[in-house]
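Okay, so here's the structure we're looking at.
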């Protein structure tokens, strides 16, 4: 006999289902469940007197016969491809199924077999996202990794050697010696990692040497001289070795203007960092480059979103990061040329239009490594408040009930798009079968601010945890702490290190004594803006050289700075 349960009681028991709506944190962003892969009346849930018990939701199947290692029950998956309710099956550190979990001996339509060897994680009432990817890291200190992990980031790509003056300014790990040491250091860090070599050279030999030493990409930075000759040489090496090139262009226009840089790039794929320009790049019009089909444009989070404090804080940050002297007028003028309210305001709107595809941190070098996801969804909130629903959301025949298209656009900026840009999307960047089980569980009220649980390679690596001497896990002080996957020999199989294919073919991991799985980056040279999910628009962008006003397809792009933001002091005391 069927039993009917009202919608609120159902959501409280099994999590929201199709048509239910959820607010993300304290923003104005409303998510609506698009589909439910579970079966009403056949839901699985763990606990005393509940379903996942021997002979009920738990089968007799062994692991050898197909039972999963872990099941996440009744999860609300938020990813670039959809917003769905489902059970998630994990096995051997990977996602093996998304659908309906249970016991196939007594229930039809089971996609995920629960057996005696299966652990259960309660996904009811939680949003599950892929671990975020921060593709603009200055590896200034190892403490960044824990801070990033605590925010929901599970992959970091960038360059550096520690707090060297070069690293403080540029995301480069220069030379084979330093790349080797950073790859060895990665062995003890609870994060997927990849390192960029220095790409600033006009001849190829030193760049090839770095790729063969394990660099997963090359970085062109103006502080090392991003000339047209260096751009052309670096891209030529990248094309031969299939690694990505990231670029911070010439703010002072000493070696050429933005037109010269576009000409030097020559239609080849390139990831442009802080494409608005406050983080560096041709003043005042580097932002134009986001309209090029071969360019993968990203932002760094200090300008995300545009607020009443954005301009003021940037000057001091810039002086410190780029080793400038406030007593030298030319250094001050250099800094001031990069900070323009008009282009920062336009950046908000270009993100909302899907013309900027990626958001990253610029960690400790004008960016905050623990705020990538927060700043991304603060930007989405600001645009919802100032610009209203996206046309795709407003076109909902039931009225503008949700912000699903906007939410999927912004989640893609910190997950799948940086993965595609850097050739690692076969392994990370989305909640899809076959991918590494790098997953983040959020309580909706804390979404984007403080994860409840971070799963890394199928094992829990970070979680909100109470007093270890308490009788139960929940008494305070509750805060994020590393879990067992971050320790001992469990760390290596839980994480990946990304290298060039050429380095792996020379047996570099064994030569360096690396224990972690070393994965080659692939398909970085044949992609373009069209491959950036939910963020592939190509407006014609123009900048007035006198007023710095930005136009896209002839329309002026401007917005007011935010006076206050969600996901801020309500959650964070410091």
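Backbone N, Cα and C atoms are what each Cβ position is placed from, and that goes for glycine too.
Looking at 384-403, 404-423, 424-443, the stretch flagged in Swiss-Prot as region 'Disordered' turns out to be 384-403.
Ni(2+) 2 binds 248, 274 as Swiss-Prot records it, and from the list 198, 219 the residue named for this site is 219.
The record from Swiss-Prot ties 136, 138, 219 to Ni(2+) 1, and of the options 6, 352, 362 it ties 362 to that site too.
Take the CB of residue 138 (Ni(2+) 1 binding site) and look out to 10 A: across all protein chains shown you find 26 other CB atoms. Ranking the recorded positions 138, 219, 221, 322, 362 by Cα distance from residue 274 (Ni(2+) 2 binding site) puts 362 first. The DSSP breakdown of the region 'Disordered' (384-403), given as helix, strand and coil counts, is 8 helix, 0 strand, 12 coil.
Most Cβ neighbours within 10 Å, among the recorded positions 136, 219, 322: 136 holds that distinction in the structure as shown. Residue 248 (Ni(2+) 2 binding site) and residue 221 (substrate binding site) have their C-alpha atoms 5 Å apart, to the nearest angstrom. With all protein chains in the displayed structure included, the most crowded Cβ environment within 10 Å among the binding-site residues 221, 248, 274 is that of 274. Between the CA atoms of residue 322 (active site, proton donor) and residue 221 (substrate binding site) there is a gap of 11 Å, rounded to the nearest whole number.
Neighbour list (residue 362 (Ni(2+) 1 binding site), Cβ cut-off 8 Å, at least 6 residues apart, same chain): 136, 138, 273, 274, 279, 300, 301, 302.
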